[in-house]
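Novice: Before anything else, here's the structure in question.
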Amino acid sequence: MIYFDNSATTKIDPQVLDTYNKVATNIWGNPSSLHKMGDRAHQMLEASRKQIADLLGVKQHEIFFTSGGTESNNTAIKGTAIQKREFGKHIITSSVEHASVANSFNTLENLGWRVTRLPVDKEGRVNVNDLRNAIDSDTTLVSIMGVNNEIGTIQPIDEISDLLENYPTIQFHVDNVQALGKNIWDRVFTPRVDLSSLSAHKFHAPRGIGILYKKEGKMLTPLHDGGGQEKGLRSGTENLPAIAGMAKAIRLLLENEPEKASREAAIKAKIVDYLKDKPGIDIFSPVSDGFAPHILCFALEGIRGETLVHTLEDQDIYTSTTSACASKTADEASTLVSMRIDDKIATSAIRLSFDETNTLEQADEFIKVFDKIYNHFAKINHLGEN
Amino acid sequence: MEYTEVMVRYGELSTKGKNRKDFINRLASNVEKVLKDFPQIDFHPRHDRMHIVLNGAPFAEVDKRLKKVFGIQTYSPAIKIPKALEDIEKTSLELMQETFKPGMTFKVNTKRSDHKFEYDTNQLNNLVGDYLFDHIDHLKAEMKHPDLVLRIEVRQDAVYISNQLLHGIGGMPVGTAGKAVMMLSGGIDSPVASYLAMKRGVDIEMVHFFSPPYTTEKALAKAKELTGILANYAGKINFIAVPFAEIQETIKEKLPEGYLMTVQRRFMLQLADRIRAKRGGLAIFNGESVGQVASQTLQSMVAINDVTTTPVIRPVATMDKTEIIKLAEDIGTFDLSIQPFEDCCTIFAPPRPKTKPKLDKAREYEARLDVEGLIQRAMDGIEVMPIYPNEKFINDKIEEDQDLL
């Protein structure tokens, strides 16, 4: 079995699951309870928060636990928009965001906010000049992802940060769900970033848990009101087993991070090298400093993406069409469409996404299997014939 | 380089004439107590020094513990080697290479109790000195005040080599001054007073007042954990928890507010004195510092101390808060002391306690209560437990829990 769909989700690490089980079994008090069971849970909660903060190089009180990437994105975007509505109702994002960002902007637009969606170039990247032109005195929020989930483009968060130094009242959110542990963190998490989202199941931790980084002093209107947990930003009894598991998973993820990332890059490079001169193949994730090491998106012209996914699946190789979240609704606007890739080619795209558990041998095996598939389809579609 | 023995030199007790033997035995048993988890270690107390044979126990850990035994002036780790020049030279070189830094001066100091050994002290000094000159660059000899002294002792059984002189904390062996009770609250001062009492050889037992449900289990656990830190200096300290809620409630209910504190303190001192008598103690120690709070003015001390003729010793009486804090940091109790768990001194604290209570008033008010009954019931409820070095009581599971992360 070859699992090349790690941007959709990852397999839980047995060590992380062990922590989850032990915490769920032994430390099951409510962290808000006054008695010693509650106290023990509270201590564990804060120790987890501290470990995560230390690993990310931020302050302990800047880490907020949520149910995952979708909630973190919703809270950052809607929370900012509502909080700052009296100062302006213009908000900016890109046209290639994850659905949880894109649809949060759609909702706000329906409620009366003015939304600018920045276009992208042929690599799926926004241009900082477009952002500069879009900002006006009503702008309260800029939300741009760190790494695109469909093709792996690294957005110019550093340049955007430089620009936004001139606009201190604009809250800058970066969806970094695809970006942690890929040895690019400094590029997508600059000191200017006010808000950032992470999702635990993208790095071998359980579902249903994630992080919203909120810089000290920045204000958000909470979306979940209740008992005031997470300093009032996210009420609801804390999911301690998952939080502890996530803290452990981040520690494991960041151990030997450069080596892991370069191994993923080598797998990508090997497959790109095989694909690059094949007639009828379009690669959207070149081997380049501007792309994450773990995502490879390409199209085989004339074959629908889902056909290719299922054909690979028959050989026990697991991949996805462009975004697992959107892949069941073919007509959803995607990164490729925003890049003005022809519809026919865009619908042929598949995504391979790697992580540190994949090997170069798996890349060889993939190439072997894909070569047969390619030759078969190439013949049918007369690829390479003029 | 693995040290095989430690030579311990006695402190102040060296001057104590005929009591010397008791002192030495007490020190030896205190050292044994702090090292009891290394059963392989042998102890040989002698009249002028104590010889500890490590038998494989790690010196680094032994070193940490000896640093906290009162009565030790200095000590030196040594290596036991065969009585052959070659071994003496080789080991001398290894020891010197570990401790020597360019620019340091040294001398060789040989002692010989085996007078049949083939080299005498001068010959050995010269031979080993020459050998070291040949093998270490920039080495300089200095007879009067060398930075390093390489000690070679030729005894009947073997040769012992050492080149470090480590300082102990001095003081008198705990127990040599007799037994006393220590009134331990959980604040900054009383742990420091405990340390100072032990430093003078007093074998203390902690008396701690607790008032559930007004005080939390954490406050009690904190006092126990402080005792665990202080037990490093004694090997073991008994902890006596005294239930105090009924007395506090009764005083609160029946007496005027201005005297709540004074009468509470009188009860505490009476209870401490009862416990002292019962357990064979000679004195009561506490952490009072003159004028620090309302209960520690001289007037308050008069009104409170009135309940007993037993010596009440206040080791930090004349120290400034900053001096006390400095010492608390040094002995490792400060961080724990400032944890904010309410103890029984802060609950029922009147908003305006009298800083100059009158002795006759204090007596008069107290007499309105069933003093004997209250004291007896508190005495019936006391619990005694031994506490060993670094025992954990607060969040005893937290460290283990955090291994999961």
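Yeah, the Cβs are placed from backbone N, Cα and C, and that goes for glycine too.
OK, TrEMBL features for this one:
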BINDING   B:M183, B:L184, B:H208, B:F209, B:R265, B:G287, B:Q296  ATP binding site
DOMAIN    B:60-165  domain 'THUMP'
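Buried or exposed, and what's around them? Tell me for each listed feature.
Specialist: DSSP assigns B:Q296 (ATP binding site) to a helix in the three-state reduction. Under a cutoff of 8 A between CB atoms, and with a sequence separation of 6+ in the same chain, the neighbours of B:Q296 (ATP binding site) are B:E288, B:S289, B:V290.
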Novice: For B:L184 (ATP binding site), what is the secondary structure state per DSSP, taken as helix, strand or coil?
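Specialist: Once the DSSP labels are grouped into three classes, B:L184 (ATP binding site) ends up as coil.
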Novice: At its widest, how many Å does the recorded ATP site span between Cα atoms of B:M183, B:L184, B:H208, B:F209, B:R265, B:G287, B:Q296?
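Specialist: Looking at B:M183, B:L184, B:H208, B:F209, B:R265, B:G287, B:Q296 as a set, their Cα atoms extend up to 18 Å apart.
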Novice: Can you count the other CB atoms that lie within 10 A of the CB of B:H208 (ATP binding site)?
Specialist: 25
Novice: Which ones in the same chain are close to B:R265 (ATP binding site), with CB under 8 Å and 6+ residues apart in sequence?
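Specialist: Looking at Cβ-Cβ distances below 8 Å from B:R265 (ATP binding site), excluding near sequence neighbours, one finds B:S295, B:S300, B:I304.
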Novice: So what's the mean pLDDT when you look at the domain 'THUMP' (B:60-165)?
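Specialist: Averaged over the domain 'THUMP' (B:60-165), the predicted model reaches a pLDDT of 90.
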Novice: At 10 angstroms around each C-beta, which of the binding-site residues B:M183, B:L184 has the fewest other C-beta atoms nearby?
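Specialist: With the binding-site residues B:M183, B:L184, fewest surrounding Cβ atoms within 10 Å: B:M183.
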Novice: Count the residues of the domain 'THUMP' (B:60-165) that DSSP assigns to helix (H, G, I), to strand (E, B) and to coil, and report the three numbers in that order.
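Specialist: Secondary-structure breakdown of the domain 'THUMP' (B:60-165): 37 helix, 31 strand, 38 coil.
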